[in-house]
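Novice: Pasting a structure here, questions to come.
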Amino acid sequence: MNRLWHNARLMTLEGRDLGIVEDGAVACEGGIVTYVGPRAGAPNAAETIDCEGRWVSPGLIDCHTHLVYAGNRAREFELRLEGASYEEIARAGGGIVSTMKATRAASEDDLVAASLSRLDALIAEGVTTVEIKSGYGLSLEAERRQLRAARRLGEERNVAVTTTFLGAHALPPEFSDRDAYVAHICDVMLPTLAAEGLVDAVDAFCEGIGFSPDQVARVFEAARTLGLPVKLHAEQLSDLGGASLAARYSALSADHLEHLSEIGIAAMAASGTVAVLLPGAFYFTREEKRPPVAALRAHGVPMALATDCNPGTSPLTSPLLAMNMAATLFRLTVDECIAGFTREAARALGRGDIGTLVPGKTCDLAIWDIGEPAELVYRMGFNPLHARIWRGQ
Ligand SMILES: [Zn+2]
């Protein structure tokens, strides 16, 4: 069935800014956009929807989440507020190991049930595509359960889920040697899970407390052999040259980047690697070093935004609040914030079929009850979503 949304103010995101069309219309057939432009030129349709002057944008894309996990770290948060150190929390069984234990103990059904409320919160703010990483299982079986739960979430709800294998997130307790674990990832976990169709991309945590650039390079080589795109948690706590490494492997994105150097920025610009900024983690961990937004802009590196939804450092399920944080904490412009959750987020996932309103793309829309685009970024704890259209429905 073909549909037409008219009497709308469009943010098409085509080009470099918001691509605004006043008194516009969007037509779709079979879930694909067939027309975007002034209402006057719109085709006839079997069903027409009057948007009553509301704003219409592409559906939002959350391109970096760790949405599937069991348990939570609220108690750890409380201990930290009471003054406990990172070491004391780790000794008390907190940190990533506590999420790993809870996730390993959960069945696939448990993981789906625990994650649905988080997914629903994203959907309620207009998200139509979400990336979900593994990385709390850290064994073949538990990583498989996490990725299968992520795929199931995409069947339970009208939302597109793209999966990322993050086996190189932390060292599991059964391994004492990081190189041996990396070999297990490259030789067993990744090829097995990829063969099962559970892996759309491969990620790693390049950090002193994570994995070294050499170890990450081995994971990236294994991904390249399997024809899978890569992305990287890079330069969050220190500068190990992760962004340059990611660029060498033509990574889709390098994420976090608070400690990114000028060399890393130039490498990302040359390879077309997207900078995914995660203001929720910056805020929650009370980080003080800001990502080098002005330099990224000067070099023309595309900037995406995401919630980084995870239990330890960013228990955030609001893309709209992430936009506000990106503006207040990182000084992104309104246009950059909105593009960060649409056009640039699509780029960070290597997806040419979503993220802008253009004929031929998937008809994912968010319809907003706002007077101007800046309201999406300006308000806090405010959800003006009027309707959300996924694949034309
Ligand atoms: Zn992350």
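First residue shown is number 1, and so on along the chain.
Every residue, even glycine, has its Cβ placed from backbone N, Cα and C.
A TrEMBL annotation is a machine prediction, not a hand-curated record.
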Novice: So TrEMBL lists R73, Y136, Q236, T313 for 4-imidazolone-5-propanoate; which of H6, H169, H184 goes with them?
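Specialist: Looking at H6, H169, H184, the one TrEMBL places in the 4-imidazolone-5-propanoate site next to R73, Y136, Q236, T313 is H169.
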Novice: TrEMBL has H64, H66, H233 binding Fe(3+). Which one of D177, D179, D308, D335 is in the same site?
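Specialist: Matched candidate out of D177, D179, D308, D335, per TrEMBL for Fe(3+) with H64, H66, H233: D308.
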Novice: Near ligand 1, which of the binding-site residues Y136, Q236, D308 have CB less than 6 Å from any of its atoms?
Specialist: D308
Novice: Could you tell me the mean pLDDT over the domain 'Amidohydrolase-related' (55-370), as a whole number?
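Specialist: Here the mean pLDDT over the domain 'Amidohydrolase-related' (55-370) amounts to 96.
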Novice: Sequence gap of 6 or more, Cβ distance under 8 Å: name the residues on the same chain that satisfy this around H169 (4-imidazolone-5-propanoate binding site), in order along the sequence.
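Specialist: Result: I96, K133, S134, G135, Y136, L138, A204, F205, G210.
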Novice: Reduce the DSSP letter at H66 (Fe(3+) binding site) to three states and note it down.
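Specialist: Reduced to three states, the DSSP call for H66 (Fe(3+) binding site) is coil.
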Novice: Enumerate the residues of the same chain, H64, H66, H233, D308 excluded, that satisfy the criterion Cβ within 8 A of the mean position of the Cβ atoms of the recorded Zn(2+) site; list them in sequence order.
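Specialist: Filtered neighbour residues, in order: T65, K133, D255, H256, L278, A281, A306, C309, N310, S314.
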Novice: What whole-number Å value do you get for the CA-CA distance of T313 (4-imidazolone-5-propanoate binding site) and H66 (Fe(3+) binding site)?
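Specialist: Here the two Cα atoms are 11 Å apart.
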